[in-house]
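Trainee: Right, I'll just put the structure down here and ask away after.
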């Protein structure tokens, strides 16, 4: 079934008289015909060498989804689908695009002449929309594919896998039968694809070995045209192009350099035809792999189903397949985290009426709070913050500490089980023994230092070299750029702080009562929105600056540097609200001021946690919405504008006349840094989900909802909006795994500080065991919290206000006379004591308890994380058995092959001896 489906893309290249041929192609005859015909086009750029675009039949434009007439569709699918040369037989493995007006024609001529010398076949064709644009189509014949597959050590299947099943006890057999019988009564798994109605999504598992032409008879070759799939063919052609010279007598080679100096405008493999069809895939089958990917993966109707990872890997390569495997694994692991976070939130909701602290705040109509800002802010009743106290209880309750521990353990389990999942994928995708030979050199670095080369000590090949003095001078410049951008981020946070200080007074004197009565929340909300805008602006500025100032030969240092900066950019304001807001404001009558002018902002009377919740909720929602728009909306708008321009210039005929290479050329190219943006977005979300999760238990739920959409957005973008990226291999997710481990360690520390410093968990615990009604009894229930609110507020005499802090109102509207005393959140002596406004003993008890909790929490959680990481093996037991079984079978096959060789030698010796004896009479 899978082999038949693999022939779908080939069928477009094997046509006769406008109808798709279903008969198998005689590959040997085809190869002999190609050898006799020779090269299909010369290397010159003049118009006389180009094919006539009008000879190609019309095909359906998959980007516009236009409904062509049935005759047009059948004719397009028959004569030329845009996937083959003009002969309709040679498959296009790679496309190079250049402009005739470009002045680098000599380099192109040498490059194309050397391409022909390597055995690749070429054909040129002018664009239908712009005669200056030339498409160079490349095809790799069978002998070229075999030669380079052997050089590249590409593993190919040579024998079916036979899985060894251990014998089980009769009891287990009976239990399995009963379980299977019970499962038969249950509905079928809705998240799995129905293999009866869809083609097989997984390739038949076979033992693989590095391809060798001398042992070609050992490999499973049903059809030479499909033995190397399209992804492998494109990878082989790209490997050749990277090593072809473009200047005679000089060691200048590689298509990357020609792209950097604009000799060529684009280089990409082709998509395998249209991604949609007017016929149902269930009744007529898939048109090609791209169509199957769209129907089974990128279509929104299958959002709840598992991803066809083997098909993704077969079409886009292992590197992109691993990204989507990791994204799917991360999304799946978010389910328990989101469920527990939702339960913590519901626990706070259901225990809201039993919370003693919320009750006391809501009933404290006689407690007058001091103004939270200078002059314009009025006195407030503590009961006015009743709703905020209840909202705070939803996130800061008895289950918060448990959830923080759970998320720390969850992060470790996620990473450990991902290693197991990655090992299974690496085995299934033949990557266990694969090692990356060398880091891919960035084209920008290669173009800049191409004149200075040295021999690579490993590969023995010349590579661009950056001199020691130049390297460190540029490193200093790069470090200065990073330091400058960090200063910009700090300045932005400082500006947000000043905005909050000034705006809270403005909103307190606002004419609209809703804003005036909720001035602090309005200040926080607007500050977060402004902060988000600053984050986006600084993010793009830093990206362009780092691209301009990056002089590293590989992508890993750039990745680490960009992540660190983006992490600081995204989380700096959150760190300020979590650990600095309201901590260094002083007290009424002796406020600490910014530049000796503005009083620092205080926390809400119900606590600082609500500010942190607002910050995280708004930033998370806005950031994810913006990312989704930029990932899909921006390419959609660009492609729509391109189609609109083409219709305006060439009429409606342009919808149905473009071959596949022109349609792909009009799509958006994948960004220069590959999957960097996709990984960066998800890693930053992982940090936002774990680092401050104790203050916002709903963060995993928001991340889960976003990721369900993110998977389909990325799938739709890769399948329909982007050119097909070059398939490449990868064994793991690279440097991102180490970054995830670092975030997991940081999350333990930050959550310990959030619980101990930001929330009121520790002050309530100290009061219950030391100062409350249950002091000395060894218990701490809601009944033990009676009187906590009064004990957590200090008394201030209004006459001790500074002149610039004196409120404009005297508070007579509350008690019928001017307020003489007001309350504020702190543990200080009353104004009539021997040491007025000094810290009380309860303050020092709370401080000591906070420090002790941080130490105990961190050590306990780190011990649990280490134990879990030790107990979970990196390789599943069944995978280890399969690998041992495969090793044993391979040894057996090698032993049998050696015996066969010895037997042949023995038989040949016997024949020689017999022949020798026959010579004598």
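Using N, Cα and C of the backbone, Cβ positions are placed for all residues, glycine too.
What TrEMBL records for this protein is below:
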- 885-919: coiled coil (COILED)
- 49-61: compositional bias 'Polar residues' (COMPBIAS)
- 84-309: domain 'Anoctamin dimerisation' (DOMAIN)
- 312-886: domain 'Anoctamin transmembrane' (DOMAIN)
- 33-82: region 'Disordered' (REGION)
- 323-350: transmembrane segment (TRANSMEM)
- 399-418: transmembrane segment (TRANSMEM)
- 472-491: transmembrane segment (TRANSMEM)
- 497-515: transmembrane segment (TRANSMEM)
- 527-551: transmembrane segment (TRANSMEM)
- 563-582: transmembrane segment (TRANSMEM)
- 603-622: transmembrane segment (TRANSMEM)
- 683-705: transmembrane segment (TRANSMEM)
- 733-757: transmembrane segment (TRANSMEM)
- 847-872: transmembrane segment (TRANSMEM)
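Distances, neighbours, how buried they are, the whole picture for these features please.
Mentor: Beyond the ends of the transmembrane segment (323-350), by six or more residues, the same chain brings 306-307, 309, 312, 393-400, 402-403, 406-407, 410, 413-414, 417-418, 421-422, 425, 675, 678-679, 682, 686, 689, 693, 697-701, 703-704, 707-708, 710-711, 714-715, 733 to within a C-beta distance below 8 angstroms of the stretch.
Distant neighbours of the transmembrane segment (399-418): 326, 329-330, 333, 336-337, 340-341, 343-344, 347-348, 690, 693-694, 697, 700, 737, 740-741, 743-744, 747-748, 751-752, 754-755, 759, 761, 857, 860-861, 864-865, 868-869, 872, 874; these residues of the same chain sit at least 6 beyond its ends, with a Cβ under 8 Å from one of its Cβ atoms.
Within its own chain, the transmembrane segment (497-515) has Cβ neighbours under 8 Å at 372-378, 522-524, 526-527, 530, 576, 594, 598-601, counting only residues six or more beyond its boundaries.
Counting only same-chain residues 6+ beyond the ends of the transmembrane segment (563-582), those with a CB under 8 A from a CB of the stretch are 482, 485-486, 489-490, 492-493, 496-497, 528, 531, 535, 538-539, 542, 546, 601-603, 608, 611-612, 615-616, 619, 623, 680, 683-684, 687-688, 691-692, 695, 739, 750, 753-754, 757-758.
Long-range contacts of the transmembrane segment (683-705) within the same chain, counting only residues at least 6 positions beyond its ends with a Cβ under 8 Å from a Cβ of the stretch, are 330-331, 334-335, 337-338, 340-342, 344-345, 395-396, 400-401, 403-404, 407-408, 411, 563, 566-567, 570-571, 574, 578, 609, 612-613, 616-617, 619-621, 623-624, 736, 739-740, 743-744, 746-747, 750-751, 754-755, 758-759.
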Trainee: Are there residues at least 6 beyond the ends of the transmembrane segment (603-622) whose Cβ is under 8 Å from a Cβ of it, and what are they?
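Mentor: Sequence-distant neighbours of the transmembrane segment (603-622): 361, 369, 380, 382, 385, 388-389, 391-392, 395-396, 520-521, 524-525, 528-529, 531-532, 535, 570, 573-574, 577-578, 581-582, 685, 688, 692, 695-696, 698-699, 702-703, 754, 758-760, 825.
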Trainee: Quick test of the contact rule: Cβ under 8 Å, at least six residues beyond the ends. What residues does that give for the transmembrane segment (733-757)?
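Mentor: Residues 322-323, 326, 400-401, 404, 407-408, 411-412, 415, 418, 422, 556, 559-560, 563, 578-579, 583, 612, 679, 683, 686-687, 690-695, 850-851, 853-854, 857-858, 861-862, 865 contact the transmembrane segment (733-757) from elsewhere in the chain.
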